[in-house]
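The substrate binding site annotation in Swiss-Prot covers Glu100, Tyr204, and the record cites similarity to another entry as its basis. Per Swiss-Prot, the feature dimethylallyl diphosphate binding site maps to Arg113, Lys200, Tyr202, Lys268, Tyr270, Tyr353, Tyr416, Tyr420.
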Amino acid sequence: MTVSSTVQPLKACVPEATEAADMPHHTLSKSMTFANLDQYQYWHAVGPMLGRMLSNGSYSIHKQYEYLCLFAHVIIPKLGPFPGGRDIYKCLLGGTGSVELSQNVQKLGLTARVAFEPTSYIASTGVDPLNRHTVHATLVELRAIGSASIDMELHQMLVNELTLTDREERLMSPEAISGTAWKTQILLALDLGQTGITIKEYFYPALKASVTGQSVAKLCFSAIRKVDKQGRFEPASKAIETYMKTQSQTDLYFLSCDLVDPAATRIKLYLMELDMRLAKVEEHWTMGGKLNDEETLLGLKMLQELWVEFGIIEGMRNEPERPSLPGDPDTIVPFIMNYEMSPGEALPKPKFYFPLVGIPELKIANVLTAFFERYGMPEQAAVYRNNLQTPSKDLVIATDHQAWLSFSYTKKKGPYLTMYYH
């Protein structure tokens, strides 16, 4: 979700094949050079889809070129080796290698997003096996460009609270490091707004929790209180902390914040739930009945509708040991929730993440088209399925492109959805 940017009305068509030669990605490819084959592969594997998202989101032609150039010159060099059967560092994201595209959908229109884990070849050679040493340089470079608005203070305060220090990394044996399924500790996400970029940082404290013997929840709440000297987040944070103490089988998963002035940021706390039942979703959405206002309950009604229409299969899930892959069944992935805290707000706002891997693409598109029609989003209903079509995807049989769907609701903005593409 963008903090300050505005979005424009949707474009009611997808460029035809005859127009592909005029699209910015194709034009830039004629004169774009790269330092190595990995960067070339990322550009041609991910760039075309990013280009379509910008075009379909009615970005100005100038913004399309600006953001594609940013992707090529700033982001791609920070993605490390391109995946392809080699024994390389594996990112937590389920997109292509170290990058994942997503798109915010709301009544006002579409916003493209790029999430990635800054990395380099040294994460694969053993020099930086836990990939700790690329993110800071990436943030400095992003701050230097004119497109992005970024405040480094929260990064500087949170990085040692939620990720391994040098001393803590030395406590891990080489065998423990190599045997760790998830090594990701930080991700970045860029909301590509119509007027500029907002940057979010995601902290995954599981490694630090393991080394220090603390729970992820304890690390997160402690970190929030250390950076929140004015107590702006204390009421909402305390409400979440109290609720999480009732969940004996569920810990927090990760924390995110907007890299803006700490007084204006939002902080989100995420949990991963293996109990894949609608009753458990309802419990988390309302925080056991603590969130019972009209807005929250109307959002829950919409969530329940989507749950039924997607045909989510209920039951216990296993904790995933890898990102989802094409061909995985629709019973492999648990669900994720987050609680968004805003300065001065007494209670958080819930957001739910539907795992969609294994569900046919056409079914997902049809469910969302009908949802948009029901809730006053006719432009989205008119174009969603067409925007999804690509020459390489048959929506009737594909089951791996639309991987996750987040959902939240407020009276002010209405339904707010983000589709994560793999």
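Here, residue 1 is simply the first one shown, and the rest follow in order.
Quick reminder: no glycine exception, Cβ is built from N, Cα and C everywhere.
Shown on the structure are the features that Swiss-Prot records.
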residue : record                                 : DSSP class
Glu100  : substrate binding site                 : strand
Arg113  : dimethylallyl diphosphate binding site : strand
Lys200  : dimethylallyl diphosphate binding site : strand
Lys268  : dimethylallyl diphosphate binding site : strand
Tyr353  : dimethylallyl diphosphate binding site : strand
Tyr416  : dimethylallyl diphosphate binding site : strand
Measuring Cα to Cα, how many Å separate Tyr202 (dimethylallyl diphosphate binding site) from Glu100 (substrate binding site)?
14
Tell me the Cβ contacts of Arg113 (dimethylallyl diphosphate binding site) under 8 Å, same chain only and six or more apart in sequence, or just say none.
Leu101, Ser102, Gln103, Asn104, Ala189, Leu190, Asp191, Leu192, Thr418
Excluding near sequence neighbours, so keeping only residues 6 or more apart in the same chain, what lies with its CB under 8 A of Tyr420 (dimethylallyl diphosphate binding site)?
Gly94, Gly95, Glu100, Leu101, Ser102, Gln402, Ala403, Trp404, Leu405, Ser406
Distance check, please: Cα of Tyr416 (dimethylallyl diphosphate binding site) against Cα of Tyr204 (substrate binding site), rounded to an integer number of angstrom.
24
Consider the binding-site residues Lys268, Tyr270, Tyr353 and say which one has the Cα lying nearest the Cα of Tyr204 (substrate binding site).
Tyr270
Let me check the 10 A CB neighbour count of Tyr202 (dimethylallyl diphosphate binding site). How many other CB atoms are there?
20
Report, as a single number, how many Cβ atoms besides its own are within 10 Å of the Cβ of Tyr353 (dimethylallyl diphosphate binding site).
20
State the count of C-beta atoms found within 10 angstroms of the C-beta of Tyr416 (dimethylallyl diphosphate binding site), not counting that atom itself.
18
Would you please pick out, from the binding-site residues Tyr204, Tyr270, the one with the fewest other Cβ atoms within 10 Å of its Cβ?
Tyr270
Neighbour-count leader, CB within 10 A, binding-site residues: Glu100, Lys200, Lys268
Glu100
